[in-house]
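The structure appears below as structure tokens.
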Amino acid sequence: MSTYTRPVMLLLSGLLLLTLAIAVLNTLVPLWLAQEHMSTWQVGVVSSSYFTGNLVGTLLTGYVIKRIGFNRSYYLASFIFAAGCAGLGLMIGFWSWLAWRFVAGVGCAMIWVVVESALMCSGTSRNRGRLLAAYMMVYYVGTFLGQLLVSKVSTELMSVLPWVTGLTLAGILPLLFTRVLNQQAENHDSTSITAMLKLRQARLGVNGCIISGIVLGSLYGLMPLYLNHKGVSNASIGFWMAVLVSAGILGQWPIGRLADKFGRLLVLRVQVFVVILGSIAMLSQAAMAPALFILGAAGFTLYPVAMAWACEKVEHHQLVAMNQALLLSYTVGSLLGPSFTAMLMQNFSDNLLFIMIASVSFIYLLMLLRNAGHTPKPVAHV
């Protein structure tokens, strides 16, 4: 049986369009807030509202899938995100956008959980790795193309919202021509997310997802603002964000191969060390292009390696629950990162963005350098 079946290909096609829309908004919303003369802490709180929506969406989606299935859950998630996009144009203000970004966050998280769970249930232990790799590549390619769009088109609010909302709705179309079946739902009923979070042998993976959420949440939410405060134009900000994301795309395959060959613990240690080096290089402002590139290559690949570390510690029937627990951990990090970092930037200096990233990475590096024991043979290849 082919790994990339018709439902999988159509699902990933729809995801590409949705990711494109999500990437454009994640870059431009902080800039639109800054243009409305909102303070740095308000920008950070709006970013955290989005990630709070991610948290709520992650918790709700399992129940939604069980009730209405993958296809209709996907449609619902897309409509919720489209509403969050269109709502930004109804009223411009801190409280209004706080609410609409929360709605968008719920829809976004539901999309991720539906797609990831559908891929997990469509695959087997022999091909889940390839499905997950395809998913990550589509996600980052969509994000990269979104950043390029920002650098090429008008970034005015009312110019962007119509076509971004249209892209979101267009992402529904591919799944109208197929049906994704939940063939393994019965195997996962008895496994709770809480049990996965408490699993001692998977703790380094869970902690890695939290740290990854802090790092990427801060970069996505506050890097455009950091560049804006440095006098960089909106078009150039889109270019630099594209550099950051393209590094993450290029790093996926080689880092995954290195993790398989030399072990995930060693690769995680090197990745976190490189994130620290990239943050220090950004603080020096000597060479932003290579600094952003190594920061993206290491930071954007941290999540899948940490996720693989945790997933190899559980049985086959626990994989979906562990995946949900890791996404929840990542979301918590994404929620805490922008809010706390924005307050530091507001009260002290914009450079606190990279000091914060380097600090949390150093803490995780200390965890990894402790005696973690030998990595056992993976239970499942994910």
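Glycine is no exception: its Cβ is also placed from the backbone N, Cα and C atoms.
Pulled from Swiss-Prot, these are the features on record:
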- 14-34: transmembrane segment (TRANSMEM)
- 45-65: transmembrane segment (TRANSMEM)
- 79-99: transmembrane segment (TRANSMEM)
- 102-122: transmembrane segment (TRANSMEM)
- 131-151: transmembrane segment (TRANSMEM)
- 157-177: transmembrane segment (TRANSMEM)
- 204-224: transmembrane segment (TRANSMEM)
- 235-255: transmembrane segment (TRANSMEM)
- 270-290: transmembrane segment (TRANSMEM)
- 291-311: transmembrane segment (TRANSMEM)
- 325-345: transmembrane segment (TRANSMEM)
- 348-368: transmembrane segment (TRANSMEM)
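Counted over residue pairs separated by six or more positions, the transmembrane segment (204-224) shares fewer than 3 Cβ pairs under 8 angstroms with the transmembrane segment (157-177), which leaves the two as not touching. Same-chain neighbours of the transmembrane segment (157-177): 10-11, 13-18, 20-21, 24-25, 28, 32, 71, 74-75, 78-79, 81-82, 85-86, 88-89, 92, counting only residues six or more beyond its ends whose CB sits under 8 Å from a CB of the stretch. Packing against the transmembrane segment (325-345) from elsewhere in the chain are residues 40-41, 43-45, 47-48, 51-52, 54-55, 58-59, 109, 112-113, 116, 193, 196-197, 205-207, 209-218, 220-222, 225-226, 303, 306-307, 310-311, 352-353, 355-356, 360: each is 6 or more residues past its ends and has a CB under 8 Å from a CB in it. When each of the listed stretches 14-34, 45-65, 79-99, 235-255, 348-368 is scored by C-beta pairs under 8 angstroms to the transmembrane segment (270-290), 348-368 comes out highest. Looking at 14-34, 45-65, 79-99, 291-311, 348-368, the range that has the most CB pairs within less than 8 A of the transmembrane segment (235-255) turns out to be 291-311.
Note: the stretches the transmembrane segment (79-99) and the transmembrane segment (348-368) are not in contact (fewer than 3 CB pairs below 8 A, sequence gap of 6 or more).
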